[in-house]
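Q: First, the structure itself, so that you have it in front of you.
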Amino acid sequence: MNIQTPAGLAETKASEESRPSRAEAEAAMRILLRWAGDDPDREGLIDTPSRVVRAYEEFFAGYATDPVELLARSFEETDGYDEMVVLRDIRLESHCEHHVVPIIGRAHIAYLPAGRVVGISKLARVLEVYAKRLQIQEKLTAQVANCINDVLKPKGVAVVIEAAHQCMTTRGIHKPGVSMVTSRMLGAFRDDPSTRREFLAMIAGQRSGAEG
């Protein structure tokens, strides 16, 4: 499966030109409320369209941010540090592009520096930007790894995401408690089994410690 990472904001800028107005979005929500069988003019629902639109602005804020720019500032004064950098158990909240319902989980991100490092909060923000778009987990995993790899050009990148999908737990086959795990290994993490094992042991160790 060939998953492409969008280049910058090209696709979001194109969609921005044809973006409906807030009033149109709220009108569409009123139609959905009527379709569901309720009255959008009753007291409990009168403000629901505007609330939903505001919520969507937060849920999908990632379309307005270029993740590449988040990694633009890096540091070379590392005193020769070239070991693994791991950020683990990052809270993940996204929305399934098929049913627009939540994907909730956590991500683990690692890279092997090749002379440049970046502030660790930037790794979490790259994840957040891609997560705050309509997603499938496979694409989200690839986008985060590819972005870090393309900008920092490290010796390797690893991303693992574990998440529950409400399109599976609250509808359809109704299977609560099921998690989906995806990974993207690039460079040394793909080519060197010992590097990959070290990363997987680090994130497994965090889970064991938390559960103990």
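Including glycine, each Cβ sits where the backbone N, Cα and C put it.
Features from TrEMBL:
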REGION    1-22  region 'Disordered'
COMPBIAS  13-22  compositional bias 'Basic and acidic residues'
DOMAIN    26-203  domain 'GTP cyclohydrolase I'
BINDING   CYS96, HIS99, CYS167  Zn(2+) binding site
Q: Identify, in sequence order, the residues in the chain of CYS96 (Zn(2+) binding site) that are 6 or more apart from it along the sequence and have a CB within less than 8 Å of its CB; answer 'none' if there are none.
A: PRO102, ILE103, LEU134, GLN135, ILE136, HIS165, GLN166, CYS167
Q: From the centroid of the CB atoms of CYS96, HIS99, CYS167, the recorded Zn(2+) site, which same-chain residues not already listed sit within 8 A by their CB, in sequence order?
A: HIS95, GLU97, HIS98, VAL100, VAL101, ILE103, HIS165, GLN166, MET168, ARG171
Q: Around the Cβ of HIS99 (Zn(2+) binding site), how many other Cβ atoms lie within 10 Å? Please give the count over every shown protein chain.
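A: If we count other Cβ atoms within 10 Å of HIS99 (Zn(2+) binding site), we arrive at 14.
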Q: Can you check what DSSP calls CYS167 (Zn(2+) binding site), collapsed to helix, strand or coil?
A: helix
Q: Could you tell me the mean pLDDT the prediction assigns to the domain 'GTP cyclohydrolase I' (26-203)?
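A: In the predicted model, the domain 'GTP cyclohydrolase I' (26-203) has a mean pLDDT of 95.
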Q: Going by DSSP, is CYS96 (Zn(2+) binding site) part of a helix, a strand, or coil?
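A: DSSP assigns CYS96 (Zn(2+) binding site) to strand.
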Q: Starting from the Cβ of CYS167 (Zn(2+) binding site), draw a 10 Å sphere and report how many other Cβ atoms land inside it.
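A: I get 17 for this one.
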